[in-house]
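In TrEMBL this protein carries:
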BINDING   109, 133, 134, 135, 136, 137, 138  S-adenosyl-L-methionine binding site
DOMAIN    1-225  domain 'tRNA methyltransferase TRMD/TRM10-type'
Ligand code: 6GU
């Protein structure tokens, strides 16, 4: 998979070169490149924003640099991902779908957003997905792109050291939150690990974990049980 990220703060994306993502890049499974939007400007001040037509607070990102950046970086097979609080809520299902793509281009906006014509034109030429991380507001799309990329990349076959750890996690196929987990020692600060986990009875352990997952989901995310 190839991932290109366009931003006026490409240093935000430096974390992608660390850890698991860094390993996958050296193995050739994944190529991630970041691009400074200002390199696609032509004026002396490298301006990327301007005042909104119709008035109002804040600034809007200009179409010219975005148009040229997307022209230069987006392949015919690419999905253009636009992180925005007005997008479709991101889910594990979307991460699974994106993990099967050959090429993702992330367009990280700042300020009040990107001129709508950029999104409209991109949508006429490529597949475009406007995605939100949830009902809260970040200053820009960079942190959201990091989160989306991490969720997607760990699903690319061969990326995870131990693919079994993908099987039982929260938001898997059964739509339940994950059950609580414990490790040694069996007693810590007067708190004991639930006895069933020490019993060696695998059927009882599986039943207890399922019950814990359902109860946790009922308390924290009841809408997932419907
Ligand atoms: Cl994807 N972008 C921004 N700027 N804010 C957000 C978000 C995305 N998701 C939640 N808040």
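Here the Cβ of each residue, glycine as well, is placed from N, Cα and C on the backbone.
Annotated features, which come from TrEMBL, shown on the structure.
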residue	record	Cβ within 10 Å
109	S-adenosyl-L-methionine binding site	25
133	S-adenosyl-L-methionine binding site	19
134	S-adenosyl-L-methionine binding site	11
135	S-adenosyl-L-methionine binding site	7
136	S-adenosyl-L-methionine binding site	7
137	S-adenosyl-L-methionine binding site	7
138	S-adenosyl-L-methionine binding site	16
- Listed binding-site residues with Cβ under 6 Å from ligand 1, out of 109, 135, 137, 138: 137, 138
- Task: Give me the largest Cα to Cα distance among 109, 133, 134, 135, 136, 137, 138, the residues the record lists as binding S-adenosyl-L-methionine, in Å as a whole number.
- Result: 17
- What three-state secondary structure does DSSP assign to residue 134 (S-adenosyl-L-methionine binding site)? coil
- The predicted model's mean pLDDT over the domain 'tRNA methyltransferase TRMD/TRM10-type' (1-225) is 94
